[in-house]
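First the structure, in the form of C-alpha cells, and then the observations on it.
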Amino acid sequence: MAKEHPILETRDLTIRFGGHVAVDHVSCAFERGTLTAIVGPNGAGKTTYFNLISGQLSATSGAVLLNGETITRLSVPERTDRGIGRAFQLTNLFPTLSVRENVRLVAQAKARKGFDLFTVAESHVELLERADHVLSEVRLIDQADQTVSVLPHGDQRKLEVALLIALGPQVLMFDEPTAGMSVDEVPVILELIQKLKSDMDRTILLVEHKMDVIRTLADRIIVLHNGALVADGEPSEVIALPIVQEAYLGKAPASSGEVA
Amino acid sequence: MLTRLLSGDTPRSGLLTALLLIVLISLAFAPFLFPGTKSLETAARICIFIVLVASYDLLLGYAGIVSFAHTMFFGIGAYGTALALSTTGPNYGSLIWGTAAGAGVAALFALAIGLFSLRVKAIFFAMVTLAVASAFAVLVSQMSWLTGGEDGLNYKIPRELTPAFKLIKAKVFDVSINGKILAYYLVFFAAAILFLVMLRIVNSPFGRTLKAVRDNAFRAEAIGYRVVWYRTTATVLSAVMAALAGSLLAIWLRYTGPATTLSMEIMIDILLMVVIGGMGTLYGAVLGATLFILAQTYLQNLMGVAAEATSAVPVFSTLVAPERWLLWLGVLFILSIYFFPTGIVGRLRAGRA
C-alpha cells in the first residue's frame, strides 16, 4: 500500500491571511529518498508552506498527506510523532539548557519518556548516549556542556540540525540551514544533509538561497512565486527557466553567472 | 545513596550545602535546640512553607507558569482536613480521608483551570487563576454554615498529637515529649518526604521537559511534546503538593480560616520567597521560606531591641521602631532582588564557577 503513495504530498494546499493568499493551491508530491529544494524570492511563501506541512499553521483549504494519510488537521506534536521533522530558519533552541540537554530532550521525546515522573533523567543512559552520538556527528561534542545561549551562531545552526538528526523523522525540512554561517562552516552542514539523504534514505525538503548549495544537493527544484507553484523539475532545467531567472534571481536570463 | 535520595540534584556549592545543612539540622532538632512555643510554631511554619513554596516553584520556576491560585489549593487542602476532623471526629481515619479529599479536589480544580486556560497566553492563565482564587475566597467566607466564614474552623485532632498527650514521663534535654512534639515531627517528616518527592519530579524526564517548555514552548511542540498536557500536569502536581501543605497546616494549628490559608497576602509572601530563594531551584524554596519566615517572626523583636538600644539617637531610633518592620522587610527584599537577581541559590551556584 505504501508503495502507491508518495511519502509526502500536498493537494491544493492554501492559506489566506485576510485578503492575502500566502500559499495558493500548491499540489506537489515528494518521493522517498529525494532532496527537493524549494526556491523563490522573499515573501514567496516558502516558510509558510513549511509551516503548513509541519502544522504551525493550519490550512484554509487543501490537504497534507503523509504516506497517503491526511494529516491536515493534526497538531504539531502529532505530526512530529508520525515522522515530520523541522529545523527552523531563525535559531529556535532551548537557550538556558546545555547543548547536550537540548539533544537529549529530543531523544527523550522520541522514546516517549516525557511523562516519566519518578525516575532521574540522567539514569536513562541510552538517551545521553544517543545525544552524544549525534553531537559527535555534527562535531559539537566538545561544546556539549555549554549553555546554548552563549554558543556562537554557527554552532547554534549545527545544533539546530543535530536536533533534527536526533529526531530521525521520515521527512526532514530544513529552512535555510546555512543562513548566517561562515564559509568554512557551511560544508559541515551540507555534508550532514548529504549523508542523511544517501545513508538513511530520508526525504528532505530544503529552502535555500545559495544556488551552489542547491546544485550540489538537490534532485529536484520547485519554485514558489506569490504563493503559487510556478516551476518543478530537474535542477538544471529549472534554473534555466526564464521565470526562475526572473522571479527568483530577479534578473534577466542574459545576465546569468554569479548567483547570490 | 544520598545522591539518589536527592535525585542527583546536589546543592553544587559548598556554602549552599552548609546553609542547607544548618536549616535541616535546626528544623530536625528544633524542639530541643530552640525550646519554647513560639520557636516551635516558627519551625513548623517553616517546614510547611518549604513545601508550599517548593510546589509554587515547580510551577513558576520550572514550568514558567504564573499562577495566583496557589493559596486556593493550599486552602483546599487545609479545609479538607479541617472539615473531615470537625465532622467525623478527631481520629486518624478522618485525618487521612480529609487530606486525601483535599488533595483530590485541588487536583480536579487544577485540571479544570489548566485545560480551560493553559492553551492560551500566559497572562490569561494568570488572570483566570486570580479570578478563580478571589471567587473561591469569597465563597469560603460566605458559606459560613460549612466553613465557619471569616472566623474559620476550630476542631480537635487525634489526642496523640496534642500537648495533653505525654509519650514518656522523663524529659529529654529538659523538654517533655508530648503530643505537640509528635505533631511537629509529623509535620517535619511529611515536609521532608514531600520535598524529596518534588526534587525527584523536577529531575525526572518530566521535570526536564517542563524546563524545555518554559524555555521554548514552540520548539517543544515541534520535537513532539504536547505542551498543554505538560503544563496541565505541572499545575495539577503543584496544586496537590500545595493542598498537602495545607493539610499539614490544618493539623498543626488545629484551626483553619481564610486568614491563615487563603489570603492574597500569603500568595504574595510565597512569590517573594520563591524569588528570594531563587526560581527554578527547589533548594531556593528552603532558603527563601526559612529567611522570610524568620524575618517575619523575629524582625519586629530585633528592631524592638535595636530601638531600645539606640533610644538616645533621635532619628535612627524612630526608623528602627518595631512597627516599621514591614518597611525594613521591603528594603531587604529590594536589596536581595538587586544584588541576587537569580536568588540566593542562583548566586551561590554561580559563585562556584
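Glycine is no exception: its Cβ is also placed from the backbone N, Cα and C atoms.
Per TrEMBL, transmembrane segment is recorded for B:15-34, B:46-75, B:95-116, B:123-145, B:182-202, B:234-255, B:270-295, B:302-321, B:327-348.
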Tell me whether the transmembrane segment (B:327-348) sits in contact with the transmembrane segment (B:270-295), defined here as at least 3 Cβ pairs under 8 Å among residues 6 or more apart in sequence.
yes
Can you tell me which parts of the same chain pack against the transmembrane segment (B:95-116), counting only residues 6+ beyond its ends and a CB-CB cutoff under 8 A?
69, 72-73, 76-85, 88, 125, 128-129, 132, 157-158, 228, 231-232, 235-236, 238-240, 242-244, 246-247, 251
Look at every Cβ pair spanning the transmembrane segment (B:234-255) and the transmembrane segment (B:270-295), keep those 6 or more apart in sequence, and say whether at least 3 of them are under 8 Å.
no
Residues from the same chain, set at least six apart from the ends of the transmembrane segment (B:123-145), whose C-beta lies under 8 A from its own:
65-69, 71-72, 75, 79, 109, 113, 116-117, 151, 258, 262-264, 267
Which of B:15-34, B:46-75, B:302-321 has the most Cβ pairs closer than 8 Å to the transmembrane segment (B:270-295)?
B:46-75
